[in-house]
Amino acid sequence: MERTCLAVILAAGDSTRMKSSKSKVLHPVAGRPMIAHVVEAVASAGISSVALVVGRDAEEVAKAASIDGVGIESYLQKDRLGTGHAVLAARDAIAKGYDDILVTYGDVPLQTDAPLKAARQGLADGSDIVVIGFHSDRPTGYGRLLVKDGELIAIREEKDATDAERTVTWCNSGLMAINGRKALDLLSRIGNSNAKGEFYLTDLVEIARSLGGRVTAVDAPEIEMTGCNNRAELAVIERFWQERRRREMMLAGVTMIAPETVFLSYDTIIGQDALIEPNVVFGPGAVIDSGAVIHAFSHIEGAHVSEGATVGPFGRLRPGADLANGAKVGNFCEVKNGRIGEGAKVNHLTYIGDAVVGAGSNIGAGTITCNYDGVNKSETVIGENAFIGSNSSLVAPVTIGDGAYVGSGSVITADVPADALALGRARQEIKPERAKLLRERALAIKAAKRAKA
């Protein structure tokens, strides 16, 4: 029978060091609140449910933690009396009787499921407590994990450690797995006879051992256990997340010419043999199919780029943009809620918003779909194999038929039938010698101003 598991995520801190008007767990990593990364990690570890311990910004934190397929209940920690007290805020959830209890933190967004699964396996193998640790070249400030004969005998805080114990490099991450059938009994035994009068979760090690229980530890990469307390640490976490995800993509067949300049979102999907040039930013909701090319300095969010399509350089795709196979959106072009048909070209200095561009059509430089009247958005439909001349304005709602031509500089306010030529501009006039007269008049005005000065 599969073991049941409750994940208790502690996210009730005051976040004072973040210097922010909102809880630190709401700050994004790769375009997603860090608390959501934590929920995803515990979900991948096979948990049955999540108990989210909240304090500041409780409603916002609970909303940010919500991801599909994961049952979450929130529990308010009114007073901040230590980690042991925080876990007991979820007493009602723990009392439901799970095999395993995983305790983790909402400000550790780089954690993965591997050490969480290892901790759960430790419980399955007979441990009552499994602490997740990490080895560090700079252990100063961390509690040390002291192990003897394969069991964890103590977590020694820096200030209490002997000189010999300070040489230990295996450190306490704070993450822990607890035998769910014994959890409430163990947690209720934590006291607060310390200088701060707080209830420390780490006391469970000695409590469990004093009752004859087995306590062990498992290892995790140090970077995955990194907590986020300020903006500098947030930047470090963002950098590592990006490095890890870029490497995964490149090993899966994506070419990145200068990967350190490419920034991905938590849900970015890029297919095999796609080419990503330098200085490209992907916001949430970007899907890039196999063989697509994203040229330098492009920004893509909420958009789909099909096989063989190209974007940029300096292209921007906003939510709802959808490029069909072989479509091109070139330099200094923006597409928002627009479908660009197969082989269609939008090559220069163009805005396509709330529009459909048919297959094989060519949109000239400087073309604007005028989709907003100050109140409502309207749609522009351009048929297949149409040609829109440069510097044209298409005032929506309007339809340009298949094979139609729009002359350069036109302002189109009415539908254009298929294969028709539309001209929406004033007729050119030539006035001989008029430029000379205008120039002479301007020079005379200038001279008069100088004479008065």
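Cβ from N, Cα, C; glycine included.
Small disclaimer: the values here were computed from a predicted structure and weren't measured.
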Acetyl-CoA binding, same site as Ala365, Asn371, Tyr372, Ser408, Arg425 - Swiss-Prot member from Ser306, Ser390 = Ser390
Note = Of the recorded positions Asp107, Asn229, His348, Tyr372, Arg425, the one whose Cα sits nearest to the Cα of Asn362 (UDP-N-acetyl-alpha-D-glucosamine binding site) is His348
Message = Quick check on the binding-site residues: of Asp107, Glu157, whose CB has the lowest count of neighbouring CB atoms inside 10 Å?
response = Glu157
Message = So if I draw a 10 Å sphere around the Cβ of His348 (active site, proton acceptor), how many other Cβ atoms end up inside it?
response = 15
Inquiry  = Given a 10 Å Cβ-Cβ cut-off, pick out the one of the binding-site residues Gly13, Gly82, Gly106 that has the most other Cβ atoms nearby.
reply    = Gly106
Request  = For the region 'Linker' (232-252), jot down how many residues DSSP puts in helix, in strand and in coil.
outcome  = 20 helix, 0 strand, 1 coil
Key: Cβ atoms near Ser390 (acetyl-CoA binding site) (within 10 Å, other residues, all chains)   = 17
Inquiry  = Could you state, as a whole number of Å, the largest distance between Cα atoms of any two of Ala365, Asn371, Tyr372, Ser390, Ser408, Arg425, the listed acetyl-CoA binders?
reply    = 22
Ask   = Quick one: mean pLDDT on the region 'Linker' (232-252)?
value = 98
